[in-house]
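K.L.:
Annotations for this protein, taken from TrEMBL, read as follows:
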type	residues	note
SIGNAL	1-26	signal peptide
TRANSMEM	291-313	transmembrane segment
TRANSMEM	368-385	transmembrane segment
TRANSMEM	391-416	transmembrane segment
TRANSMEM	428-452	transmembrane segment
TRANSMEM	464-486	transmembrane segment
TRANSMEM	514-540	transmembrane segment
TRANSMEM	546-569	transmembrane segment
TRANSMEM	581-605	transmembrane segment
TRANSMEM	625-651	transmembrane segment
């Protein structure tokens with residue numbers, strides 16, 4: 001049946017709008033989120049999940065007795081990353097009329113029951129913060145401690161002053177909205193605020209109005225007469241309040257108390273332009289990067305890596321040059337007096353123990369490494385913004401799914417190189433597609449039971465479980481099998497020397513070789529640990545991470561150091577006639593993950609001292625374990641592949657009969 005032309009063009013326009021929406025939500029396009037408001041236009045703030053650095057368990061905003069919007073609670077469209085991070089964005093009753101200063105009444109609660117009082121006190125003492133968003137900007141709160149100005153996002157649920165045994169709820173908010181007056185031509189925006197669907201250029205369209213470039217809040221607790229307040233309707237005018245107020249005039253959290261919620265809003269003109277409105281968040285005191293110490297660390301790492309690399313080149317070149325300068329008679333005599341790596345020529349390419357597991361781990365490591373490279377490069381080029389909540393994680397998941405093609409190819413090609421036959425490639429492909437995702441799935445399921453028991457919004461919904469499993473088996477697994485099929489069609493790597501039938505005995509050593517392998521991870525860790533501090537702070541302390549350009553430099557440096565360390569360790573083992581280099585090459589650089597996990601425990605003990613309770617600690621350790629496994633697979637893959645090509649080059653450069 002023919003499709004009408006009008007219907008087909010409508011479908012095409014809808015497809016383009018959806019495509020633009022997905023692109024604009026995922027990447028930082030200048031102008032794609034901009035909205036110009038006219039004077040008097042109503043804007044509603046949104047609320048995110050309640051969060052705390054004490055427990056790291058997010059909870060819904062409306063789990064506490066707060067005022068609800070007139071039209072009911074409506075959830076904003078969430079992407080995959082937001083759902084996995086536990087972000088639950090809802091609408092709120094806080095209404096702002098552009099460029100109109102007001103003091104408004106919201107609601108008065110019913111008398112607080114015993115359960116509500118216990119919950120409010122618990123959230124107050126666990127230092128939970130209310131996270132509010134206006135035009136995609138989080139609310140900023142300024143505080144002064146020991147004479148130092150500190151910025152926070154959000155405001156506390158309540159507070160417990162040291163001079164009082166009572167807890168007090170924050171029920172009055174003083175908002176300051178910074179606006180920039182805009183005049184000129186621009187774009188037509190389809191949708192409003194952070195729900196912008198797409199943008200359509202209109203060069204001749206005049207835009208006059210105000211852009212929101214800042215959102216600040218001052219919280220305080222105010223005791224009001226509930227009988228007088230109950231006579232008011234939502235958004236009726238009330239008398240403004242000067243915060244903070246005396247403790248005697250604050251609202252106590254007590255059973256049978258009615259809590260009245262009010263707010264003030266003040267619009268202030270600002271010279272800040274819309275593209276610079278996130279500068280205040282990215283320059284927060286706690287997230288400032290210590291460039292001097294980082295550059296000093298980089299210089300030390302470059303210096304050590306350079307020394308190791310120079311020593312390695314001189315040693316190998318001297319061995320090869322001496323051998324090539326000999327005549328045939330001298331070579332024959334030298335073959336009888338071979339020493340070091342030349343003695344293991346008949347065993348160096350012997351199949352390693354657990355060869356299938358090695359192929360699977362290298363395949364998964366390639367997949368994780370490719371995901372990291374593409375994500376960091378795109379973020380460093382400015383294609384991702386903190387304004388796009390959850391899209392960084394969403395992009396990483398999508399990249400990982402489609403890079404299953406590369407993982408299957410690498411894993412199967414290594415398998416047929418080791419085995420010399422394509423038999424069993426399907427089993428390798430299936431294992432590659434299930435190994436790392438299976439580990440992550442088991443850990444997340446265990447953590448999810450803990451979150452479900454705590455009734456936290458951080459728990460992954462059952463529906464999302466089915467979505468993730470569907471993506472896994474409908475995209476990643478088929479692509480991995482397809483990549484494995486391509487791997488069987490590729491030419492296997494030919495060894496330059498033959499392998500003896502009887503394995504050569506490895507000489508005894510005074511100390512275990514694995515001790516040296518595990519110690520080798522300290523050098524790659526030296527390139528990573530400073531940046532790791534800021535990454536952990538951004539994840540667990542709610543800070544914004546934005547220095548992706550420097551992260552790219554650190555990542556490149558990490559790859560170089562992992563390659564050098566693994567090659568040097570491989571050469572050292574061959575020199576002492578240890579031909580079992582396969583797994584040691586993998587773990588020489590992959591052992592950095594052990595130090596990353598140990599550093600995570602150190603960070604938990606000394607930097608997250610406020611983290612309370614076994615549930616929070618188990619969540620932290622579970623996510624840290626996933627991160628450490630991913631680092632081990634990716635860095636181990638770097639070291640192994642470089643070492644493999646080094647050994648292949650070394651033994652193909654000299655012919656030994």
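Yeah, the Cβs are placed from backbone N, Cα and C, and that goes for glycine too.
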K.L.:
Can you say which of 464-486, 546-569, 625-651 has the most Cβ pairs under 8 Å with the transmembrane segment (391-416)?
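P.N.:
It is 464-486 that shares the most Cβ pairs under 8 Å with the transmembrane segment (391-416).
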K.L.:
What residues in the same chain, six or more past the boundaries of the transmembrane segment (368-385), come closer than 8 Å to it by Cβ-Cβ distance?
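P.N.:
Beyond its ends, the transmembrane segment (368-385) has Cβ neighbours at 26-28, 278, 391-392, 395-396, 399-400, 403, 406, 436, 548-549, 551-552, 555, 630, 633-634, 637-638.
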K.L.:
Could you tell me what the rest of the chain brings near the transmembrane segment (625-651), counting residues at least six beyond its ends with Cβ under 8 Å?
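P.N.:
That would be 316, 341, 345, 348-349, 358, 361-362, 364-366, 368-369, 372, 436, 439-440, 443-444, 493, 495-497, 524, 558-559, 562-563, 565-567, 570-571, 574, 581-582, 585-594, 596-597, 600.
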K.L.:
If you count Cβ pairs under 8 Å, which stretch among 428-452, 546-569, 581-605 touches the transmembrane segment (514-540) the most?
P.N.:
581-605
K.L.:
Which residues of the same chain, at least 6 past either end of the transmembrane segment (581-605), have a Cβ under 8 Å from a Cβ in it?
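P.N.:
Apart from its flanks, the transmembrane segment (581-605) reaches 348, 352-354, 358, 361-362, 513-514, 517-522, 524-525, 528-529, 532-533, 536, 540, 562-563, 565-566, 569-570, 573-574, 611, 617, 620-621, 624-625, 627-629, 631-633, 635-640, 643-644, 647.
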K.L.:
Do any residues of this chain, six or more beyond the ends of the transmembrane segment (428-452), have a C-beta under 8 angstroms from a C-beta of it, and if so which?
P.N.:
57, 356, 359-361, 363-364, 367-368, 404, 407-408, 411-412, 415, 458-460, 472, 476-477, 480-481, 483-485, 615, 618-619, 622-623, 625-626, 629-630, 633
